[in-house]
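Copied over from Swiss-Prot:
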- 17-56: DNA-binding region (DNA_BIND)
- G91, A92, G93, N94, I95, G96: NAD(+) binding site (BINDING)
Amino acid sequence: MEKHKNISMAVIKRLPKYHRYLEELMKNEVDRISSKELGEKIGFTASQIRQDLNCFGDFGQQGYGYNVKELYTQISAILGLDRGYEAALVGAGNIGQAVSNYSRFENLGFKITAIFDANPKLIGMKIRDVEIMDIDEMESVLEEHKIDIGIICVPRKNAQVVADELIRGGVRAIWNFAPVDLVVPDHVKVENVHLSESLLTLIYLLNESES
């Protein structure tokens with residue numbers, strides 16, 4: 001994957017949406033699309049789309065628009081989807097099981113190869129053919145396998161300890177579902193998924209629309 005520096009986080013967070021819509025267009029056998037048409041589907045302006053894509057290169061042709069398949073391939077490469085990623089999930093409760101069971105991740109080259117939990121009732125069970133292991137085995141498993149991403153689905157009181165152990169095991173990216181902000185070294189990237197914050201935002205918008 002080619003490195004792109006000084007790209008704003010706002011632009012980066014819009015790329016997955018472009019990727020998803022382009023995939024839908026390919027499934028519908030759409031060969032090309034203009035920035036205006038793409039913007040109408042996604043909810044962005046044509047100017048915004050052109051500015052975002054120009055951060056990564058010269059895409060599209062004036063008077064022609066974008067070749068859907070080519071743009072999808074290019075955005076896939078920008079996102080790093082031209083290689084596979086192995087993940088370890090810690091916490092096989094309701095959220096952990098839901099994440100583990102989501103089949104679309106494998107289509108993106110993202111595979112959960114290890115699942116850990118401290119609950120004896122869960123240890124030995126399988127989720128999509130991956131056996132849940134005792135969390136005490138995590139250190140040795142991380143030593144034996146190259147795990148790219150750690151997924152934290154444990155209670156907040158345990159999240160930092162789990163993050164520390166994942167990092168010691170060589171994990172450089174963490175997808176955090178625990179309702180706590182983790183403290184990690186600069187070289188480790190964290191993406192938080194705080195469900196309650198998303199719900200509170202929705203509740204605010206609901207009340208604003210009714211006032």
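Using N, Cα and C of the backbone, Cβ positions are placed for all residues, glycine too.
Per DSSP, the secondary structure of the DNA-binding region (17-56) breaks down as 28 helix, 2 strand, 10 coil.
A Cβ within 8 Å of the Cβ centre of G91, A92, G93, N94, I95, G96, the residues given for NAD(+), is found for these other residues of the same chain: Q97, A98, V99, D117, C153, V154. For the binding-site residues listed here (A92, I95), the lowest count of other CB atoms within 10 A around the CB belongs to I95. Cβ atoms under 8 Å from those of the DNA-binding region (17-56) belong to residues 4, 7, 11, 64-69, 71-72, 74-76, 78-79, 81 of the same chain, restricted to positions at least 6 beyond its ends.
Under the three-state DSSP scheme, G93 (NAD(+) binding site) falls in the coil class.
For G91 (NAD(+) binding site), applying a Cβ distance below 8 Å and a minimum sequence separation of six or more within one chain yields F116, D117, I152, C153, V154, P155, N158, V162, F177. Each of the binding-site residues G93, N94, G96 was scored by the other Cβ atoms within 10 Å of its Cβ; the lowest score goes to N94.
For the DNA-binding region (17-56), the model's pLDDT averages out at 93.
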